[in-house]
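Asks: Dumping the structure here so I can ask a few things about it.
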Amino acid sequence: MPAAPSESAAPAHPASPATPPPEAVLPPRAPEAPAPGTRLGSHYEHCFGCGPQHPAGLRIDAVAGTGLDVTAEFTVRPEHQGGPGLAHGGLLTTAMDETLGTLNWLLHVPAVTGRLETDFLSPVPVGSTLHLRAWITGAHGRKIYSAAEARIGGPAGPVAVRARALFIQVKLEHFTKHGRPEDIEKVLDDPDLMQRARTFEVNP
Ligand SMILES: CCCCCCCCCCCCCCCC(=O)SCCNC(=O)CCNC(=O)[C@H](O)C(C)(C)COP(=O)(O)OP(=O)(O)OC[C@H]1O[C@@H](n2cnc3c(N)ncnc32)[C@H](O)[C@@H]1OP(=O)(O)O
């Protein structure tokens, strides 16, 4: 039986699963992608990240960029505190996740977060407006690699939070199969929401 590899044989800094491997390529912007400058709105009104109906939600409303990128703004409110007067780190990760998730619109496929890595570079006080940007870094098969940053004080301000993500392309059945039935039924009964969901139905 071959010997198990020793600890020292492992690379010192193994590549992150959220970093595109050499075989990944930049996918094309889908022909159906919203035009640059378009507000992408909410994919679901009760979503914590983007839903206008969520009382404590982040209400992120990203704007499509000219390439495989989006921008958004998010102002930290008192209900988002972790330490006194400071944004909760998990909450900031959610803001990154939501912004990264809107990249789905540019590829015109539904995809969910498989892995999300966040670096917190500086504390974010309540009342701060974060200027978020997310972009696709590659794709391979169903795997979509992306990155994001949140700058404080303006779009050219210092980076407060950085993230890298691996999203996995799924079928719409991912949501209908796994979601709580009463919530799914409400979505299926709502023509506006269904129209929004159908925009994704081309792939995979
Ligand atoms: C009618 C209703 C309308 C609804 C309209 C909705 C519209 C659109 C809403 C969008 C909403 C966005 C909101 C914000 C983004 C979230 O927050 S999404 C919520 C958080 N994420 C989740 O809940 C995902 C939970 N995980 C899963 O469901 C499953 O693990 C996944 C991710 C679908 C993958 O499962 P799978 O399809 O069985 O695929 P699997 O073969 O395991 O993995 C595929 C590949 O990815 C790799 N992979 C998977 N996970 C990982 C990982 N964690 N690390 C490394 N590699 C991984 C695998 O190794 C595999 O690689 P290859 O073998 O192809 O090289």
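In case you wondered, yes, glycine gets a Cβ from its N, Cα and C as well.
OK, TrEMBL features for this one:
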- 1-16: compositional bias 'Low complexity' (COMPBIAS)
- 17-34: compositional bias 'Pro residues' (COMPBIAS)
- 85-151: domain 'Thioesterase' (DOMAIN)
- 1-38: region 'Disordered' (REGION)
Asks: What mean pLDDT does the predicted model reach across the domain 'Thioesterase' (85-151)?
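Replies: Its mean pLDDT is 98.
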Asks: Helix, strand, coil: count each for the residues of the domain 'Thioesterase' (85-151), based on DSSP.
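Replies: Taking the domain 'Thioesterase' (85-151) as a whole: 17 helix, 34 strand, 16 coil.
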Asks: Can you break down the compositional bias 'Pro residues' (17-34) into helix, strand and coil residue counts using DSSP?
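Replies: Split by secondary structure, the compositional bias 'Pro residues' (17-34) comes out as 0 helix, 1 strand, 17 coil.
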